[in-house]
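If you check Swiss-Prot, you get these features:
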BINDING   R23, E80, K120, K454  (6S)-5-formyl-5,6,7,8-tetrahydrofolate binding site
DOMAIN    216-377  domain 'TrmE-type G'
BINDING   226-231, 245-251, 270-273, 335-338, 358-360  GTP binding site
BINDING   N226, T245, I247, T250  K(+) binding site
BINDING   S230, T251  Mg(2+) binding site
Amino acid sequence: MSTTDTIVAQATPPGRGGVGILRVSGRAASEVAHAVLGKLPKPRYADYLPFKDVDGSTLDQGIALYFPGPNSFTGEDVLELQGHGGPVILDLLLKRILALPGLRIARPGEFSERAFLNDKLDLAQAEAIADLIDASSEQAARSAVNSLQGAFSARIHQLVEALTHLRIYVEAAIDFPDEEIDFLSDGKIEGQLNGVMADLEQVRTEARQGSLLREGMKVVIAGRPNAGKSSLLNALAGREAAIVTDIAGTTRDVLREHIHIDGMPLHIIDTAGLREANDEVERIGIERAWNEIEQADRVLFMVDGTTTDATEPAAIWPEFMARLPATLPITVVRNKADITGETLGLTKVNGHSLIRLSARTGEGIDLLRDHLKQSMGFTSNTEGGFLARRRHLQALETAARHLVQGHEQLVSAYAGELLAEELRLAQQSLSEITGEFSSDDLLGRIFSSFCIGK
């Protein structure tokens, strides 16, 4: 679809509201203003005007704002009409504008896409707009604003610039091998490369924090029936999210709760008790439980402390441990400490975390919250931090891998050509984050996830 068309969309959420905004972007924005307003508003000044239909009747009245390109959000001529937020009024106004020649409805994210294509935003900043809208906590919102203002992009540009300087030295060493100073063997390039690798690792650490803030952690509570899984879900959620009874198999389906621990989003999933199913409904619930377990970031293995003294997971339930993915982190939760009299606390058992608590009374729940936060490496002090997506983490990981391979080529064989290629590939991976090197397919996937009017 053409990016030279003039586009229009509602920039406020659908439904009733105090204010409804229509946004127009493109070369025909001034023609829309003349047709609907009767004049072109003074640039960047709010003008209170009637919004006219084709026959001259007034559809609504409100604020009109005109931003000539390139000094606008999209870099094109932009007109905003801010009227009353009734859906009927907005639909009538939208139909009025679409009746004009050369106008069409914007695709999801097309305003932000045009801002990116016109160099008003880089790709990381454009993504931050969607992240700010979707932020589920104050900390996530603040980090999204930092990304929108260029905090993440600035770190990436610093790394790219450092790699550019490093490539200059390497290319010089390759092109002028007979010079008195051999840059490849005198340690200068290795020292600079080590510095870039250290800086990249710091950015990766901050990006992992940003990814946790954005996407959160998926924790699945699993175990036998009546181990206290639903009670634990309620204790973590701080409300009666799940029905709790003494009847084994009360939970038949997956229950989900979304909470925050010091700003970190946590997706808690309560599952059906794992056992040989008594009927088809329970069998489906248990199958769904295993599907959730296999996709978890961490499993809370819930154990009824009144039924066993074992603390080693394989000794508690060998069949359960045998089916778990080998790389999946687990925390053994020995429940019902209020009955067994066990000392509350967190310990390590053969490399596994074990916590003793009472889901019914809430004793030990704060210890579990701290453990979940620490197990993901999350720190609540992220002043100046930024949000990151999975694709950002993948690009950073790829760049780090190329730098490690380049370092190996340098120290083992002084292979300048191979080092130069690894540096180029690392730089290319970093540039994918800001969109300086991105395929059209990637851009399409990113912007299609945005709101219509963004």
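Glycine is no exception: its Cβ is also placed from the backbone N, Cα and C atoms.
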> Would you say which of the binding-site residues E80, S230 has the most Cβ atoms within 10 Å of its own Cβ?
Replying inline: S230
>> For the binding-site residues listed here (N226, S358), tell me which residue's CB has the most neighbouring CB atoms inside 10 Å.
In response: S358
> In the structure shown, which of the binding-site residues K229, K336 has the fewest Cβ neighbours within 10 Å?
Replying inline: K336
>> Please report the Cα separation of S230 (Mg(2+) binding site) and A272 (GTP binding site) in Å, rounded to an integer.
In response: 9
> Does DSSP put S230 (Mg(2+) binding site) in a helix, in a strand, or in coil?
Replying inline: helix
> What is the Cβ neighbour count of A272 (GTP binding site) at a 10 Å cut-off, with all protein chains included?
Replying inline: 27
>> Radius 10 Å, atoms counted are CB only; among the binding-site residues R23, K120, which position scores highest?
In response: R23
>> Measuring Cα to Cα, how far is A272 (GTP binding site) from R23 ((6S)-5-formyl-5,6,7,8-tetrahydrofolate binding site) in Å?
In response: 48
